[in-house]
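Marked as transmembrane segment by TrEMBL: 28-49, 69-87, 144-162, 168-187, 256-277, 289-310. Residues or ranges marked as domain 'ABC transmembrane type-1' by TrEMBL: 30-312. Annotated domain 'ABC transporter' per TrEMBL: 371-610, in sequence order.
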Amino acid sequence: MNLILTPIGRFLHRIRHLLPHYQRYRRAFVWGFLLLIATNASAALIPYLMKLAIDTLQRGEGMTDVKTYALLLALLAVLTALLRIRARTHVFRIGREVERDMRNLYHAQLQDLEAPLFDHARTGDLVSRGIGDITALRMFMGPGFLQLTNASLVYILVLPAMLWLNPWLTLMALLPLPFVVIAARQLTKRLYRYSRMVADRFGGLTAFVQESVAGMGVIRTYAREDAWNQRFYEETDKLYATQQDHARLQGMFQPLMLFSGGLGAWIILAVGGPGVVQGNLTVGDFVAFTGYLTLMIQPTVALGWILTVMQRGLAAIDRLSEVLDITPSNADHPQQALHPEPTTPYAIEIRHLNFFYQQDRRIAPRSKEAAPSHAVTTAAGDGTEPAAVQTLHDITLTVPHGHFVGLAGRIGSGKSTLLRCLSRTYPIPQGSLFLDGVDLAHVPEAQLRQHLTMTPQESLLFSRPLLENLLYGQPDEDEACAWEAARNAAFDEEVEGMPQGMETLIGERGITLSGGQRQRAALARALVVNPRILLLDDIFSSVDARTEAHILNALLDRPDRPTMVMVCQRVAALHRADTIYLMDQGRICETGNHQSLMQSSSLYQALHTEMQRKEQLEEMEQPEVQP
Ligand SMILES: Nc1ncnc2c1ncn2[C@@H]1O[C@H](COP(=O)(O)OP(=O)(O)OP(=O)(O)O)[C@@H](O)[C@H]1O
């Protein structure tokens with residue numbers, strides 16, 4: 001019992017993400033199955049009617065019967081064709097529906113994945129899983145199901161008919177079958193291996209193309225086109241070689257199946273022919289036998305194709321499961337709603353926060369034969385915990401409601417990482433970060449995003465009209481709200497100057513805007529949400545100092561100003577900060593305001609002087625600044 005259950009259980013586990021679809025479309029599958037039974041039953045009647053017609057002719061009986069058989073045969077042929085068309089369109093539609101559902105599921109899962117995975121996964125590979133692998137799944141669920149069911153039904157329906165006509169001749173005709181089964185078993189594993197390799201290589205190639213398009217400017221700047229092309233050719237060569245191995249294997253199968261069918265036909269002639277001459281077999285039996293064998297040859301020959309589609313489908317489901325199995329790190333945490341009004345003196349409280357970046361946390365199977373529960377693994381592919389590097393050390397701080405906190409420190413001191421933790425972009429430990437006294441790890445995602453907005457260093461804009469980008473977090477707001485936010489971000493005048501104003505279509509990732517415009521558009525997008533807490537990570541790096549000061553002053557002078565934590569790179573921001581946390585090597589080394597730090601911290605003094613010098617140079621280079 002165990003022996004039977006274990007492989008079946010393993011298989012069901014492997015296709016676990018497909019089982020809900022079998023459940024959802026169970027009626028459609030049953031209906032498709034019934035249509036296929038009807039199609040094959042109708043097809044299986046044709047050789048039998050031929051036998052009756054020929055036997056009637058042989059006996060020299062009246063033409064009326066023969067005409068009736070001819071009419072019946074014609075009707076049956078039409079019926080079989082109609083049923084086959086209906087069955088095929090029906091089953092193909094199921095495949096399309098599953099394909100659509102899986103694409104939606106996969107896309108939704110990508111939205112839930114956390115930042116560390118995107119740090120290490122290759123975008124192109126994720127794209128290829130969402131496109132190529134889901135197409136392979138459609139083939140598995142639609143045409144694959146159709147051909148497999150068809151082949152099984154042909155054997156189930158035709159074999160008894162042949163045995164009933166002549167058991168001995170049937171056994172002889174099917175002599176090559178065991179060899180076919182053995183060959184199929186041998187080839188299946190290798191087909192899976194090559195299918196998986198082709199899918200992985202294709203994923204790598206998609207990632208390459210994606211990087212080439214994104215990095216076109218860099219490639220041209222360094223005149224690396226030829227070298228880059230060469231690397232691409234090497235990748236395509238590898239894919240080609242794997243595809244060739246795959247095709248060779250697949251190519252072997254079809255002739256093998258055709259040969260076994262031909263051998264069966266030869267046996268029928270060699271054994272059945274003398275039977276007809278000796279009178280042990282009627283000509284009708286002989287013709288029916290040949291007809292049945294022809295019926296069986298088609299699915300037998302298609303077996304190679306079926307196996308390929310099935311193995312490619314299994315490779316696809318393995319690759320998709322690696323992504324679909326990943327659960328967000330806070331999925332199991334109990335949820336606790338934030339209070340609508342502040343209940344504690346601190347909007348933000350951080351207690352002894354330690355944070356580690358995982359190294360080389362990539363999506364890959366554990367072993368060559370995809371294991372069921374793998375998902376995230378190390379470069380070694382052994383599923384052990386990836387190495388981690390501690391980036392934040394024992395951070396403790398508080399931010400009272402409405403305060404403006406500045407983070408300062410040298411490059412790589414951990415400022416952005418701290419903001420990423422605060423915005424829960426990265427998984428955070430429980431009991432370390434609190435919003436309004438509620439453990440951040442327990443705050444429901446949707447609520448968190450209404451209360452807290454983070455604008456990172458490099459903000460992405462979507463290839464949509466500017467208005468849609470600005471209202472992205474509050475799509476129900478009207479255009480007036482977008483204009484107000486643009487005004488607060490000192491971006492409104494430039495929008496007015498654009499020929500299509502708010503309806504201006506933004507290029508991919510905001511490419512058609514200048515760096516400074518992109519940053520202010522991203523700030524305006526955050527302001528539309530009107531969050532209680534605003535996290536700003538060095539978002540003025542492409543904006544001149546005066547514009548930065550202008551925006552910041554306007555923001556801070558608002559009576560309803562949010563609690564703000566900002567990575568400060570300019571002196572004006574530091575001067576306005578209620579509290580400055582000075583960071584060094586992942587630690588908070590000094591705390592105070594500008595005046596107190598100028599007196600107590602040599603690191604702060606040095607940073608401040610550097611900033612001042614940089615700003616003076618900037619002013620000299622760019623005398624024309626925006627208001
Ligand atoms: N996604 C990541 N994965 C692994 N390590 C990272 C990641 N992001 C940053 N680091 C490392 O963490 C350290 C702190 O980086 P972080 O970006 O927080 O510094 P920062 O103070 O914001 O620097 P900057 O002023 O240049 O923006 C650096 O050593 C950096 O290499």
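Glycine is no exception: its Cβ is also placed from the backbone N, Cα and C atoms.
Note that TrEMBL annotation is computational and uncurated.
A Cβ distance under 8 Å defines the sequence-distant neighbours of the transmembrane segment (144-162), meaning residues of its chain 6+ beyond its ends; these are 29, 32-33, 36-37, 39-41, 44, 47-48, 87-88, 91-92, 94-95, 169-170, 173-174, 288-289, 292-293, 295-296, 298-300, 302-303, 305-306, 309-310, 313.
For the transmembrane segment (289-310), the list of distant contacts is 43-44, 46-47, 50, 136, 139-140, 143-144, 147-148, 150-151, 154-155, 158, 161-162, 165-166, 169, 173, 180, 184, 187-188, 191, 195, 246, 250, 253-254, 256-258, 260-261, 264-265, 268, 272: same-chain residues at least six beyond its ends, Cβ to Cβ under 8 Å. Counted over residue pairs separated by six or more positions, the transmembrane segment (168-187) shares fewer than 3 Cβ pairs under 8 angstroms with the transmembrane segment (69-87), which leaves the two as not touching. Residues 166, 168-169, 172-177, 179-180, 183, 283, 285-286, 289-290, 293, 296-297, 300-304 of the same chain lie 6 or more positions beyond the ends of the transmembrane segment (256-277) yet place their CB under 8 Å from a CB of it.
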